[in-house]
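For reference, TrEMBL has these:
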{"type": "TRANSMEM", "residues": "76-97", "note": "transmembrane segment"}
{"type": "TRANSMEM", "residues": "109-129", "note": "transmembrane segment"}
{"type": "TRANSMEM", "residues": "141-158", "note": "transmembrane segment"}
{"type": "TRANSMEM", "residues": "164-184", "note": "transmembrane segment"}
{"type": "TRANSMEM", "residues": "205-227", "note": "transmembrane segment"}
{"type": "TRANSMEM", "residues": "239-259", "note": "transmembrane segment"}
{"type": "TRANSMEM", "residues": "290-309", "note": "transmembrane segment"}
{"type": "TRANSMEM", "residues": "315-334", "note": "transmembrane segment"}
{"type": "TRANSMEM", "residues": "341-362", "note": "transmembrane segment"}
{"type": "TRANSMEM", "residues": "368-393", "note": "transmembrane segment"}
{"type": "TRANSMEM", "residues": "414-430", "note": "transmembrane segment"}
{"type": "TRANSMEM", "residues": "436-454", "note": "transmembrane segment"}
Amino acid sequence: MASTNLPLTTAIDYADRAHGDTSSAKSKKESTYASKISEFSGIVSATRKVFIQRVDSEEGSILENSEFKLPSRRSLFIIIAGNALFQITFFIVVSSASAYTEHLGGSPTFAGLIIGIPALCSGLALLVITRVDEGRYDGPLNLSYAAMILGNVLYALAYRANWLYLILIGRIVSGFGFICFLYSKRYCSDPRIVGIRRRTTLASWLVVGQGIGFSAGPFFGGLLYKIGFSNPVFNGVTSPGWVMAVVWVMFWGLHTLIFKDVSPHFREQAIEMTHAQQPATTSQITRQQWGVIISNIPVFTAEALGYSPYRAGNFIALGGICSFPFLLLNVWYARRVQDRVTLAFGTTLGFVGLLIMLAILHTDKVTFSSLFVCWFLIALGFNLASTCTLSLLSKQLPDGWNNRTSMAIQYSNYVGRVTGAILGGAGVKIGMVNYVGIQLAVVGLGGVIYLTLWRQLKAKTG
């Protein structure tokens, strides 16, 4: 029988081989596990990278979309069209206010007060209304419509009552309606509904409405005065009040049907302005020229050219009509040109118009053509400049400051309209050279400050 015992060396070799095979298998298994773990880690890492890129892309898309957002077209129409109607209501009495007050025993300065007093009353009313509006628009707009209707009716009844101060009372009541000048501006820069790259565009539409107002208002006021309507209730000087009262009744009904209000606002953040943010407020200075220029034209043209209220109204309207195509063109360019450039260009045009006016006064060559060139440059220049005041300020300050910036711009506008209307009515008395010199001083001071702060006024376009 053969023996089953193996030699010792053979047994040792067999054991070493078996142990080696087991170690090799275990090593391969561990290597496979490591490879799979590494492959899984790579997949996780790649997935995480793709996810992060997608989230970043979505966040960037959301941010970009938020910069271009707009409210509903119907609501925007109410704001922009309403702004144009408010401008027409403000300026429609310019042509005949002097004749109206003279008929009731008033002076040209009192006529200027009639034009400017609504701005003062509106400014006082805003101190209360902005504290209780909760960031909404429906309530203030309804109050404005009611004030417009009642104020225009009282203005028209002054002739029948033969009481000079009823004109003033009517305009004071209308002043509570002109609070919507603020709410139109605030709506078009409200960060809840308007993106930062759409604010200058909407501000340009507001200025188009302003152009319509100072063109159509004096024209229709002068036209109604020309027609006359020999009636103690509805005549040349009272018809603007009656017509606008009816228009506001109809517009109020349209507002009720299509306007959609916003939700209550967030609390304004108590953010301290930085050094770089403060200079933007100086851009509002150009708005102070409008009341001065508009209010003086009927008085000055009557003195220098023998114009009636009808012809003076047509003269104002002609300058506005000629500048209107450029204002519409500015709506398109507003998306592509920086606000500070538009502001500089507009202010320069207005300044040149004032310089030409001063030159023709010194040479005593006041004609229709020379005066029209001045008026056109002033109308176009300061209209263009005024498109950027609110939008530029809102772009440089935190969103929570929207109400404050709107009020700052509006109060600047009110100061210009009140003081300008009174100064305009008395322009001939104080001397036209002095009158134009005051305007040049104001614009020149604003221009110097503006050029000093050129770098700080850089902001996004649109």
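Cβ coordinates are placed from backbone N, Cα and C, and glycine is handled just like the others.
Counted as Cβ pairs under 8 Å, contacts with the transmembrane segment (141-158) are highest for 239-259 among 76-97, 205-227, 239-259.
Counting only same-chain residues 6+ beyond the ends of the transmembrane segment (239-259), those with a CB under 8 A from a CB of the stretch are 74-75, 77-78, 81-82, 85, 88-89, 92-93, 96, 137-138, 141-142, 145-146, 148-149, 152-157, 170, 220-221, 224, 227, 229.
Below 8 angstroms of C-beta separation, residues 70, 111, 114-115, 118, 137, 141, 144, 148, 152, 155, 171, 174, 177-178, 180-181, 183-184, 187-188, 202, 205-206, 208-210, 212-214, 216-218, 220-222, 224-225, 236-237, 240-241, 243-244, 247-248, 251, 254-255, 258-259, 294-295, 297-298, 309-310, 312-313, 316 of the same chain, each at least six residues beyond the ends of the transmembrane segment (76-97), sit close to that stretch. Among the stretches 109-129, 205-227, 368-393, the one making the largest number of Cβ pairs under 8 Å with the transmembrane segment (164-184) is 109-129.
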